[in-house]
Amino acid sequence: MADQTLPISGSVDVTPPHAAAGTFLERLHGWVVTVDHKKLGILYVVYSLIFLLVGGAEALAIRIQLMIPGNHFLTAATYNQFFTMHGTTMVFLVGMPILFGFANYLVPLMIGARDMAFPRLNAFSFWLTALGGLLLYFSFIGGPGLYGMGAAPDVGWFAYAPLTAHVFSPGNGTDYWALALIVSGFGTLGTAINIVATIISMRCKGMSLLRMPLFAWLMLVVSALTLVTITPLTAAQFMLLIDRYLGGHFFDTQAGGSALVWIHFFWIFGHPEVYVLVLPAFAIANEIIPVFSRKAIFGYPAMVAASVGIAFVSLGVWAHHMFTVGMTSVSNAFFVLSTMLVGIPTGIKIFNWLATMWGGKIRFATPMLYCTAFVFQFLIAGLTGIILSVAPWDWQLHNSYFVIAHFHYVLVGAIVFNIFAAIYYWYPKVTGRMMSERLGKWNFWLFLIGFHVTFDTMHFLGFLGMPRSIYTYEPNRGWNGLNMVVSIGAFIQGVAALIFVYNLVWSYFHGEVAGNDPWDAWTLEWATPSPPPDYNFATDPEVKSRRPLWDLKHPDDPDWKYE
Amino acid sequence: MSAIPTVPELQDQPWHLPSRGRIGMLSLIIGESAIFTIFVVAYVFYIGKSLSGPTPGQVLEVPIFNTICLLSSSITIWLAERRIERNEIKAFGLWWGVTIALGVVFLVGTGLEWYKLIYHDGLTISTNLFGTTFYSLVGLHATHVVIGLAMLLLVLVFTLMGRVTEHHAERIQVLALYWHFVDAVWVVVFTVVYIVGR
Ligand SMILES: [Cu+2]
């Protein structure tokens, strides 16, 4: 076997590293003009992490304001801007770009390709996304509002009509919001097309669809889902701009238009969007849990089927966000049942992860800690989701902090936890150095404690009737203590996030040298040097099973005999 | 040295994957279909909900000639696709040029229709709900025709410069896929706007 793993002579870059580096300007130029999927992947992730800190700071400002009743830390107007920007930032400038960043970096490596299907489209998509983010934040300084002040959008992340009409939202805040999301939406569409084409058309020899790592499978599902998810939002945003700029009447109730149409269009995007965000988190767990349990993933075909199933079902549940607008009981019943249906494929997944861990030789390194917490937190998030899917229950709790707690359990408890897991897991591949485990443990436990202090408590605020989006409350409502606890938890999470950033930077310079395969993993990206060279693979790999590196390490007992 | 797995037995087996161009274009078409679906749904939902005139029945004329032009351009581009496969560049250029001409006729027809609606019937995008949904949907489609024509023209210029050969057949067919999509969308728009909505 040995001679076949040697690279073809002349195909390997033998330039000494310091000669390749160049001056600072040359390197910067290299990053700006790059079409390499790995560099673009890193750009996506760094861009998202910066906005994660920004969005996190906004959340902290919100929590300071709500810490005590009658607080004057933020004005009502600023508070509206902050929660709008927090939501928009976290979904569009953090969640999607970071997960597409992981896909960008990892999918070609995992399927044995040298780059994405369309490298230039890839760069174009990233810069569109980046422009969208800048456009959104430029509104703070550049959108002359009512009194010539900077005017960030303040209509909530779902921007319900008719609040977005010119009469109710003068100034340009709403326009920045719509334009930023249209621009970054096209970036997202470009990346989704690219990932689909890469996975279908660029797989190495022997990598049949059912031999792909589950990460690649889920990214295929996510990208296909993105094609029909982000586009309805883009269409609705165009309608909004037509209303605002050309005097159209799509959402203008005075001229026969309907505010309900916007709500439908928004959630036709908004619900599948949750799955666009959470399926990549599943994808990460699918890679990490087997490696740290020292077992192949349990129920691979079931995992694939469940993912495809989730994608399809998620397209037919959007109106569970709309039980309180007054639909017919038939539609209510339909959306209650379709929403509950999502519980079946997600349940299958949770059982499969547990079955993968069951009897395994589990090693609780930081990535595995995060993934383990993810499984249980996602279970709870799913259960509160099923509670909320019951229409009468939703009538009671709609737009209360119970809903906020539920979806933050998904977005933070599942997605952010797995984003951390992924960074701890693949950082050695990207930089060549391990992240500090000691700091990693601090990071994990503080974040875990902060998370539960904040979001477990928030459920009770919801039961006690505290509505979302209010900038302050009266002291006699019985919400004081709980709000204080929620805010304290938020600050614990903030400290954990700072430790994480410190760990990222510290490990880059002082981390232990990782080598090619520090976790003894099985997918193709670990067959390349860390960091991988520009061309990824000197010779095109060929695979015979789902775990090509297992086959390589255990020629006496290869997987392909059993698949 | 990195260990890249290779499997000796696999080396002589053929390994065919779909063309990335086609998959990419099909993905774009799926995404675009979702955009059109939203606009079509809005159009259908708002049929007859305008609070003031003019109504579609009063002002819209069925653009039969336009429709025939656009739909037949799908046939001519198909003929061009077959020619480029066989490296008959002249014939390819001819059919490609006819396709562009038909597309331009369609656009001019839409322009004339809009001119009449705006200056004779007083219907603009802000007049009523019908105006808003009509100009948005038909305009969205016309925008796609313009983008398609720009790309078709680019190919025509390269053809006239003698740069197009049969090696480009696949790329040209991928582009043609987009044009077929634009034509297919017109069938939906036509049905919704000029048949159902009138
Ligand atoms: Cu939902």
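One-based numbering along the chain as shown.
Cβ coordinates come from backbone N, Cα and C, glycine included.
Database features (TrEMBL):
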- A:25-544: domain 'Cytochrome oxidase subunit I profile' (DOMAIN)
- A:44-68: transmembrane segment (TRANSMEM)
- A:88-111: transmembrane segment (TRANSMEM)
- A:123-147: transmembrane segment (TRANSMEM)
- A:176-202: transmembrane segment (TRANSMEM)
- A:214-242: transmembrane segment (TRANSMEM)
- A:262-285: transmembrane segment (TRANSMEM)
- A:297-321: transmembrane segment (TRANSMEM)
- A:333-355: transmembrane segment (TRANSMEM)
- A:367-391: transmembrane segment (TRANSMEM)
- A:403-427: transmembrane segment (TRANSMEM)
- A:439-464: transmembrane segment (TRANSMEM)
- A:484-505: transmembrane segment (TRANSMEM)
**OP:** Decide whether the stretches the transmembrane segment (A:484-505) and the transmembrane segment (A:367-391) have at least 3 CB pairs under 8 angstroms, with pairs required to be 6 or more apart in sequence.
**Re:** no
Original post:
Which sequence positions outside the transmembrane segment (A:44-68), separated from its termini by at least 6 residues, show Cβ-Cβ distances below 8 Å to it?
Top reply: 74, 79, 82-83, 85-86, 89-90, 93-95, 97-98, 100-102, 104-105, 126, 129-130, 133, 137, 423, 471-473, 480, 483-484, 486-487, 490-491, 493-494, 497, 501, 504
Original post:
What parts of the chain pack near the transmembrane segment (A:262-285), using Cβ distances under 8 Å and only residues at least 6 beyond its ends?
Top reply: 91, 95-96, 99, 102-103, 158-161, 164, 214-215, 217-219, 221-222, 225-226, 228-230, 232-233, 235-236, 239-240, 250-251, 307, 310-311, 314-315, 317-322, 325, 349, 353, 371, 374-375, 378, 407, 410-411, 414-415, 417-419, 421-422, 425
**OP:** Could you give the residue numbers and ranges of same-chain residues that sit at least 6 residues beyond the transmembrane segment (A:88-111) on either side and whose C-beta is under 8 angstroms from one of its C-beta atoms?
**Re:** 37-38, 40-45, 47-49, 51-52, 54-55, 58, 122, 129, 132-133, 136, 153, 157, 177, 180-181, 184, 188, 191-192, 195, 198-199, 202-204, 207, 212-213, 215-216, 219, 222-223, 273, 276-277, 280-281, 284, 411, 415, 419, 422, 426, 430, 523-525, 528, 532, 536
Subject >> Among the ranges A:176-202, A:214-242, A:333-355, A:367-391, the one whose Cβ pairs under 8 Å to the transmembrane segment (A:403-427) are most numerous >> reply: A:367-391
Subject >> Residues from the same chain, set at least six apart from the ends of the transmembrane segment (A:333-355), whose C-beta lies under 8 A from its own >> reply: 282, 285, 289, 297-299, 302-303, 305-307, 309-310, 313-314, 316-320, 322-323, 327, 375, 378-379, 382, 385-386, 389-391
Subject >> Contacting positions for the transmembrane segment (A:367-391) when only residues 6+ beyond its ends and CB under 8 Å are counted >> reply: 278, 281, 284-285, 288-289, 292-293, 320, 323, 332-333, 335-336, 339-340, 342-343, 346-347, 350, 353-354, 357, 397, 402-403, 405-407, 409-410, 413-414, 417-418, 420-422, 424-425, 441, 444, 448, 451, 459, 519
**OP:** Looking only at the domain 'Cytochrome oxidase subunit I profile' (A:25-544), report the model's average pLDDT.
**Re:** 93
